[in-house]
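A.B. asks: Okay, handing you the structure first.
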Amino acid sequence: MVVDPAPVRRRPMAGPVTAVGGTDESTEALLSSSSLDSMAIDQAAASDASLPMSHQQNSHPLKDHACRHHSHQPPKRHPKRPSIAYLKKNLMTYDELEEWRKDNEWILSGYRISDGSFLTDIKSLFFLHNETGNIYSHLLAAVFFIGVAILTFTGYAPVYADLTLGDKVMFGVFFVCAVSMLLLSSSFHLFCDHSVEVSETMNRCDYLGIMTMIVGSVIPALYYALGCAPGLLKWVYLALAAAPAIPLLPMVLRKSFLHPTFRAKRAILFVTMSVSGALPFFHVLIAMGYTRAYGAASISNMAGMAFFYLLGASLYATRTPEKYAPGRFDFFLSSHQLFHFCVVLAALSHWRGLVNAHYWHSQHGCLAAARTLTGGRIDWTLRFVPDWLIQPVAGLLASVLPH
């Protein structure tokens, strides 16, 4: 029930009041207005008292205004340096969030206090909230790949003992891109509640990390898949793999790209970028045949990587499963967490593919493999394609490339 406001005390009037330096008409109008307001409040209180208890909770506008005027309740103030126990105890719900923090309406609880402090965000590493899974899934994966990179370049593991300079460059590209993406992602989820400016900046870094990971995955894979292909073909496919990043980069820097309503479009753009990098593998598969492509390009591992990326992007775009059970997946197994797990599994599959492809090439080589596995030279020209489709492309290349 809403508490009635304190009664308004009226000063007895012995006669007309005359304003200093003027007439008494303005004063009488003011007192009359005050009396009418007081009577309206009293009538609202009387009508509220005559209603059932369930209806008394719906307060009258004039009465609410008077209550707020006479007993103003200041907003809850948090300690200047809140402890971990305090932060854990005072998690927020979705309805309590500032507008700029509202991203997924199906995650109902477990939100951290936003006080604009980096130290407060770092303290959130030590208690459970709805970003814990997003932070640690990629933070621990980054630590893992840093350890694998150390083993790779020190030659501690036997499989890395005979790395050439080209092998080291390709593995280095993969590890740098993977670790950068994982650290940028975990940093964004750690500091996303700091402030609007910090959240938007870290979000852009997160998407740039995804683009970096896509390019950093495709280039090493193509290095091994096209290891026996003509030099021009390698450069054409490498350029095609990196080309989608050029128009996507300015889009990532736009503020509208960060809006929650752009979620599905973001997923489609990143999937499109990934597919463009996967197209050369179809050429490899057709030119080499599955038996040779299985080893030389580690097709099975690359297919596994593509599967996990597509699965994660689909869950992320559709907000599955929390959309179908709001509140049940606030802390564990939300769509974003599952997306993170899929990204880690895709990176593991890709790393395993690079190891297998490197080992295969170190054991066979192009000429030996062509003689023993295929009985002749590999056909990179795709002769089964009709001439009417090949001739225009060949003519265009002949007119552009130097003779």
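Including glycine, each Cβ sits where the backbone N, Cα and C put it.
As annotated in TrEMBL:
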- HIS189, HIS336, HIS340: Zn(2+) binding site (BINDING)
- 66-81: compositional bias 'Basic residues' (COMPBIAS)
- 1-25: region 'Disordered' (REGION)
- 47-81: region 'Disordered' (REGION)
- 135-157: transmembrane segment (TRANSMEM)
- 169-192: transmembrane segment (TRANSMEM)
- 204-226: transmembrane segment (TRANSMEM)
- 232-253: transmembrane segment (TRANSMEM)
- 267-290: transmembrane segment (TRANSMEM)
- 296-317: transmembrane segment (TRANSMEM)
A.B. asks: Quick check: which same-chain residues outside HIS189, HIS336, HIS340 lie with their CB within 8 A of the centre of the Zn(2+) site CB atoms?
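C.D. replies: Apart from HIS189, HIS336, HIS340, the close residues are GLU131, GLY133, ASN134, ILE135, SER137, HIS138, SER185, GLN337, PHE339.
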A.B. asks: When a 10 Å sphere is centred on the Cβ of HIS336 (Zn(2+) binding site), how many other Cβ atoms does it contain?
C.D. replies: 22
A.B. asks: Restricting to CB pairs under 8 Å, which listed stretch, 135-157, 204-226, 232-253, 267-290, is in contact most with the transmembrane segment (169-192)?
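C.D. replies: The stretch with the most close Cβ contacts to the transmembrane segment (169-192) is 204-226.
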A.B. asks: Give me the non-local Cβ neighbours of HIS340 (Zn(2+) binding site): same chain, 6+ apart in sequence, Cβ-Cβ under 8 Å, ordered along the sequence.
C.D. replies: GLY133, ASN134, SER137, HIS138, SER185, GLY312
A.B. asks: Below 8 Å Cβ to Cβ and six or more residues apart, same chain only. Which residues does that give for HIS189 (Zn(2+) binding site)?
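C.D. replies: Sequence-distant Cβ neighbours: GLU131, ASN134, ILE135, HIS138.
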